[in-house]
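Positions annotated as active site, proton acceptor by TrEMBL: His69. Residues annotated as substrate binding site in TrEMBL: Pro166. Residues or ranges marked as heme b binding site by TrEMBL: His196. Positions annotated as Ca(2+) 2 binding site by TrEMBL: Thr197, Asp250, Thr253, Asp258. TrEMBL lists Cys38-Cys118, Cys71-Cys76, Cys124-Cys330, Cys203-Cys235 with the feature disulfide bond. Sequence annotations record features per position, and here TrEMBL assigns domain 'Plant heme peroxidase family profile' to 28-334. Among the features that TrEMBL reports, signal peptide is placed at 1-19. Residues or ranges marked as site 'Transition state stabilizer' by TrEMBL: Arg65.
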Amino acid sequence: MRLLLVFFMVHTIFIPCFSFDVSGKDLPLTLEYYKSTCPTVFDVIKKEMECIVKEDPRNAAIVIRLHFHDCFVQGCDGSVLLDETESLQGEKKASPNINSLKGYKIVDRIKNIIESECPGVVSCADLLTISARDATILVGGPYWDVPVGRKDSKTASYELATSNLPTPEEGLISIISKFYAQGLSVEDMVALSGAHTIGMAQCRNFRSRIYGDFRVTSALNPISETYLASLRKICPASSGEGDSNVTAMDNVTPNLFDNSIYHTLLRGEGLLNSDQEMYTSLFGIQTRRIVSKYAEDPVAFFEQFSKSMVKMGNILNSESLVDGEVRRNCRFVNT
């Protein structure tokens, strides 16, 4: 895989941008899949994502998370976008999704524009994969080439959405096993978790952390104590109270895609248990080393994040490749 390193200006600082030459030799995906059928698709998505992220920088994290949750269930096949119907149980109400996933209207908005230009050509799965890449770039993250040619599934899996997706309070070994099940390594896991540098979390997902071992991992640092006090104001101890209140997972540069989240973990201030475990868990010998590397070397983080996003985006649904479709509306199977 050939790596091209270029630099571009974001927020008055230089951010490295990585471009990967993805041949697609072993996958039914190519960089030029839409060259003759919808040559403007990448430009259309880029332009619309620029508007969407400008409207609210948090939309970048929302789209990336949506892509992640799609790929971990049946592969990257757009199944997470399907609404529930009488004949189909969707994934949106599964416990890892119901309180954390948004962005469906963003997908609808982009899909409507693409359908007006290239009806019935671009799959929702490809749309979401491209959008996640563009979202990353727009908040200062790296570029990578996105191979396309995915088909949309005609099915969803509530069961797999419930079991396959890592949860905020999950232990390190369990999370590693879930990434391995998708063909993703420990290095992929730590790099992809770096997307939390632009993410928001709800009180329900970090309550146990800030009323649990936060003081232990942050070593009673006075500055950390101030941060903890502010988190407890956002998130009361009582379950059910303020559950949907949100705060940034990276409290230093919440709208900039950088390696700040790893510095947060070094300080023991990770908002989610699942993130902090990568540095402080007794089982985290390998993950601790990787976290330290990315904290010291933002270029190494960007390089691996790009590779890992391509790798995750190449998790395919073999059934949809054979019997899939291009949905006209991402929420429903074609009739």
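Using the three backbone atoms N, Cα and C, a Cβ is placed for every residue, glycine included.
No curator has checked TrEMBL annotations; they are predicted automatically.
Annotated features, which come from TrEMBL, shown on the structure.
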{"residue": "Arg65", "record": "site 'Transition state stabilizer'", "contacts (Cβ under 8 Å, 6+ apart)": "Ser100, Leu101, Gly103, Ala195, Gly199"}
{"residue": "His69", "record": "active site, proton acceptor", "contacts (Cβ under 8 Å, 6+ apart)": "Val80, Glu91, Pro96, Asn97, Leu101, Ala161, Leu165"}
{"residue": "Cys71", "record": "disulfide bond", "contacts (Cβ under 8 Å, 6+ apart)": "Gln182, Met312, Gly313, Ile315"}
{"residue": "Cys118", "record": "disulfide bond", "contacts (Cβ under 8 Å, 6+ apart)": "Tyr34, Thr37, Cys38, Thr40, Val41"}
{"residue": "Cys124", "record": "disulfide bond", "contacts (Cβ under 8 Å, 6+ apart)": "Gly78, Leu81, Val107, Lys111, Asp152, Val326, Arg327, Cys330"}
{"residue": "Pro166", "record": "substrate binding site", "contacts (Cβ under 8 Å, 6+ apart)": "Pro96, Ser174, Ile175, Lys178, Phe179, Ser274"}
{"residue": "His196", "record": "heme b binding site", "contacts (Cβ under 8 Å, 6+ apart)": "Met249, Asp250, Ile261, Leu272, Asp275"}
{"residue": "Thr197", "record": "Ca(2+) 2 binding site", "contacts (Cβ under 8 Å, 6+ apart)": "Met249, Asp250, Thr253, Leu256, Phe257, Asp258, Asn259, Ser260, Ile261"}
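In the structure as shown, the Cβ atom of Cys203 (disulfide bond) sits within 10 Å of 20 other Cβ atoms. Residues Thr197, Asp250, Thr253, Asp258 make up the record's Ca(2+) 2 site, and a Cβ search at 8 Å around their centroid adds Ile198, Val252, Pro254, Leu256, Phe257, Asn259, Ser260, Ile261 from the same chain. For Cys235 (disulfide bond), the same-chain residues that are 6 or more apart in sequence and have a Cβ closer than 8 Å to its Cβ are Cys203, Phe206, Arg207, Ile210, Gly242, Asn245, Thr247.
Other Cβ atoms within 10 Å of the Cβ of Cys330 (disulfide bond), summed over all protein chains shown, number 23. By neighbour count, meaning other C-beta atoms within 10 Å, the densest spot among the disulfide-bonded residues Cys38, Cys76 is Cys76.
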